[in-house]
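As recorded in Swiss-Prot, the features of this protein are as follows:
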type	residues	note
TRANSMEM	12-32	transmembrane segment
TRANSMEM	40-60	transmembrane segment
TRANSMEM	74-94	transmembrane segment
TRANSMEM	110-130	transmembrane segment
Amino acid sequence: MAPSRLQLGLRAAYSGFSSVAGFSIFFVWTVVYRQPGTAAMGGLAGVLALWVLVTHVMYMQDYWRTWLRGLRGFFFVGALFSAVSVSAFCTFLALAITQHQSLKDPNSYYLSCVWSFISFKWAFLLSLYAHRYRADFADISILSDF
């Protein structure tokens with residue numbers, strides 16, 4: 001079932017806001033706190049949110065109808081970065097526990113765990129929307145063949 005224009009607009013707005021938030025986390029944790037783990041995962045979350053935004057905009061413009069192979073690529077990219085985000089989450093959690101870091105410290109690896117989870121969320125949403133939009137357009141292309 002195709003999403004309504006309102007749903008697409010809300011999804012696009014949320015993705016756009018989250019991409020700005022991810023990029024701002026990248027710059028703040030790179031320049032101010034000098035914590036590369038949190039900066040990298042915040043930047044990855046911003047890039048993935050931007051990718052989800054592009055997916056929604058291309059769906060609204062009906063671009064995917066002619067390029068279903070691109071949606072398959074988006075699906076696999078989302079799956080790849082889901083695995084990367086989960087492994088980063090486990091790594092940062094293990095580092096934070098073994099180094100006995102504080103939950104309140106902005107330089108701790110616990111904050112990197114949070115942004116790893118947010119990156120996982122956006123990678124999962126990229127795969128989910130690519131799968132749904134591909135299924136939606138695949139149904140339409142099957143009907144147009146007859």
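Along the chain as shown, residues are numbered 1 onward.
Here the Cβ of each residue, glycine as well, is placed from N, Cα and C on the backbone.
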Can you work out which residues elsewhere in the same chain, 6+ from the ends of the transmembrane segment (74-94), have a Cβ less than 8 Å from its Cβ atoms?
37, 41, 44, 48, 51, 55, 109-110, 112-113, 116-117, 119-120, 123-128, 130-131, 134
Are there residues at least 6 beyond the ends of the transmembrane segment (12-32) whose Cβ is under 8 Å from a Cβ of it, and what are they?
38-40, 42-50, 52-53, 56-57, 60, 106, 115, 118, 122
